[in-house]
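For reference, the structure is listed below as structure tokens.
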Amino acid sequence: MKELLAQVNEIFIDVLDNEDIVLSETTSANDVDEWDSLSHIQLIVAIERHFKIRFTSKEIQSWNNIGEMLTSIQDKLNQN
Amino acid sequence: MIFNSIPFVLFFSLFFALYWWVFPKNRKAQNILLLLGSYFFYAWTDWKLLGFIIAVSALNFYLGLKIQQATVDHTKRWLSYIGLTQGIGGLLFCKYYNFFSNSFNELFQALGLQILWPTLSIIAPLGISFFTFRTISYILDVRNGKTKAVDDGVVFFSYVAFFPSLLSGPIDKARTLVPQLEKNRHFEYASAVDGLRQILWGLFKKVVIANNCALITQDVFTHYQELPASSLLIAMLLYPFQIYADFSGYSDMAIGMARLLGFEITKNFDFPYFSQNIAEFWRKWHMSLTSWFTEYVFTPLSIYFRDWDNKGLFLAVLINFTVVGIWHGANWTYILFGFLNGLYFVPLIIKGTMNKKKKWHKNGSLTGLEFFNILKTFGLVTVTFVIFKSESVTQAFDFYRCLIDKSLFKVPVLHGISMLFLLGLLSYIAFFMGMEWQAKNKNHALDFLENKMNVWARKTLYLFLAFVIFYFSSMVTNQDFIYIQF
Amino acid sequence: MKRFILNTLKLAILFTGMVYLIQWGISYRISGKTVTGYDTLECTENVNADLVLLGSSRCWAHFDPEFFQSNYRVKTVNIGMNGHPDILASHLRFENYLARNKAPKYAILTMDPFVSAGNLKKNSNMVNKNDYARFAFMPNTMDEPLLQYFKFDAAERYVPLYALCKYQMFWDCITLNKSDSFPKGFELNDEEWDTLKYPITSENKKYFFKESDIPDIKKALMQFKQLCQKHQVKLLCIQTPTYKAVYDSKSFNWPGAICRELNIPFFDANYEAIRNKTVYFYNTNHLNRTGVLEMNSRLKNAQQLTDFFKINP
């Protein structure tokens, strides 16, 4: 999980163009200024490409924070 | 019953007294009172359609419970489709049926077909666009597990008909308003006082700014063909202030009233005219509607289109804003208004600057570039509001055509408006914008005063505001709020 | 909660007090004066004229008090009501005048085919209502009938400043910039007839009273006569000129006939020489300055008028 978080953090920094972002499992969209509905989709695409996975629409819309997102990523990676 | 009318003031005062004195700390009784009050409020304007809102509430209440109980995903989906069909279907039928049948008939005629689709005389229930959006968000949230189904009928029915925001928003999602209905509410002095302040400011915006701008814009937009282009320019520049003051004024009153009753409902405007790009503008304009569309239209679409990168984003934005446009009513003008605003996003998406949230400098200063960007954004919005205001798309383009004319340099003609009145109005607008600028990081324009002015200066300001509101509301007979028609 | 109610009430009381104070200040400022020139109730108090001129705008525009004063040596005041050809309006206006003054010796009322009886309960003639808004707040008993005539409602009577704001008289009352609109005590219009603004048509004939209206008019006029008798005022009705486009002999004979029937002296000043020329008018129904002077030069020689003022009542 730690490893995953670090990778996702990198993606966030890259996509949102902000070096100062430090994510934790409880971080949600409210805590990161640049993370809004529009950048959300760019983040997802970047994550999907990075991990070579594909989420369902329902999964994406069910996340309430980074932790839930990480669980989804973990699940996908395990399936592969 | 509109907020700035004597019957409403009497109704609300009585309601307030019953709510806090007769049923203090009795949540159940307060909720029942809220429900009855909301229905009374609704019936006052439109008693014939009270049954409609009750039926809609009952259906969605039942569906919510059933969706939650359902164990199979399939059943959940089908139940939610019933809710969506009712909601979207009701809207389409009441507000758009004639538009579609007229458009079809025109199309048939153009194709040389002799088919006549019947048009009906339908009365759209007041506030249908607003309360339907509440029920739709509720059904979707229950289905997606974002909120629990409400099992208390009174709570749910009050959520749908909550009178401060029933006719013209803000559109609260179930997950923000329902929990407040479910817990005990306490009277808080500071919050109630601030609620009153917000109502005062809302009244100022509606009665002083919007109604007086309307005196000019109404006439110019009706007689634009006979007037010099300079008159058209004035009306075009005034209209954004009018519609903003009108609608955000209503929202301020609704929010303030809800606060007097112990509720915190969704913020609807965040000083949109200080936005530096169009994306920021739409984050700050009619926020409860845009956040609704973002959640239920834009996000699913953008997820669906995500493999196409920027092109997918364009498409999602364009569709989203076109639907936002249609939401306002059945007219090509609204569709074009939404579509154009969607187009405005294209350069932002290409540059990748769409989601860069600007923060104000600590000392409140503004660089030249920022100021330019604010003016640019205002300009872009102003151009589309001409379409929004026009009766038809043809008229809007005719208006533009009349605007680009040598008579732009002539002395403007404004029927029945003296120079003194115009100057007065402009100074009220300057005061209005100045106050909002001061408060740009706050909830509303009178929110910043506490720390900046002493008690007497504040009281003087309140008295001044109350006086100009009194003056102008005596003078002009009550004018309806623009957004009540939607 | 208590604190909230208390503080809200305090602010509300402060506001009400402020509005009251402004209303009181304005009432003080305009008392005894006219604000627009049309609201003559108070500025004609204690003038104790010998002759009072009454009627519609055709009284207000046509009768120069100065002319009567110099010709017949009677102190004269014109209290014609612009836009109110109904006898009821003149009746109420005269009562108001009588309450504020010693009764005059003479009264002249304009009579023409445009008059109507008027109906206090069903009055819908609101011309110049705004000029009377200044009298609406906490009215005195003298003005009450006229306020009823103009249908001022409870809010306008009891909410301070409300009537003044509603009828947009607030700034006029403060600046008094229009109070000198009619320095001669009647309209006295210098304009020449702008036929674009006021086309020459017979349109206004539609306002003539019909034969079926006559019983009511008689009744109203009879009541007016009785009011005059009660105060021992000698009454004369005068028909003043209209442009020929709205003239027809049948309609213009009725007023005289009605007066004769009621035994009220009637004088027809609708001279043909005036009627035929546009220079005398500023629209079909109203004389301009030239027209007024022309009419006066003719009235001067009218034996009937001389006799009317000669014989002491």
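Glycine residues also receive a Cβ, built from the backbone N, Cα and C atoms like all the rest.
Note that TrEMBL annotation is computational and uncurated.
Away from its own ends, the transmembrane segment (B:6-22) comes close to residues 29-30, 33-34, 37, 40-41, 44, 187, 257, 260-261 of its chain (Cβ-Cβ under 8 Å, at least six residues beyond either end). Here TrEMBL flags B:6-22 (among others) as transmembrane segment.
Positions annotated as transmembrane segment by TrEMBL: B:50-67 (among others).
Tertiary proximity for the transmembrane segment (B:79-99) is limited to same-chain residues at least six positions away from its ends with a CB under 8 Å from its CB atoms, namely 56, 59-60, 63-64, 66-67, 70, 119-120, 122-125, 128-129, 132-133, 135-136, 139-140, 142-143, 326, 329-331. Residues or ranges marked as transmembrane segment in TrEMBL: B:79-99 (among others).
Taken from TrEMBL, the feature transmembrane segment covers B:111-133 (among others).
Away from its own ends, the transmembrane segment (B:312-328) comes close to residues 96, 129, 289-290, 293-294, 297-298, 301-302, 304-306, 334-339, 341-343, 345-346, 349, 388, 486 of its chain (Cβ-Cβ under 8 Å, at least six residues beyond either end). Marked as transmembrane segment by TrEMBL: B:312-328 (among others).
The transmembrane segment annotation in TrEMBL covers B:334-350 (among others).
The annotation transmembrane segment is assigned in TrEMBL to B:371-388 (among others).
Below 8 angstroms of C-beta separation, residues 204-205, 208-209, 212-213, 215-216, 219-220, 223, 227-228, 231, 234, 238, 241, 245, 273, 445, 468 of the same chain, each at least six residues beyond the ends of the transmembrane segment (B:413-434), sit close to that stretch. The transmembrane segment feature in TrEMBL is assigned to B:413-434 (among others).
The feature transmembrane segment is assigned by TrEMBL to B:455-473 (among others).
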Non-local residues, at least 6 beyond the ends, that sit with Cβ under 8 Å of the transmembrane segment (B:111-133):
42, 45-46, 48-49, 52-53, 56, 87-88, 90-91, 93-95, 97-98, 101-102, 104-105, 160-161, 165-169, 171, 289, 292, 327, 484, 486
Sequence-remote partners of the transmembrane segment (B:334-350) [C-beta within less than 8 Å, at least six residues beyond its ends]
277-279, 282, 310, 313-314, 317-328, 380, 383-385, 387-388, 393, 396
Contact set, same chain, for the transmembrane segment (B:371-388): CB under 8 Å, 6 or more residues outside the stretch:
236-237, 239-240, 243, 273-278, 280-281, 328, 333-334, 336-337, 340-341, 344, 396, 399-400
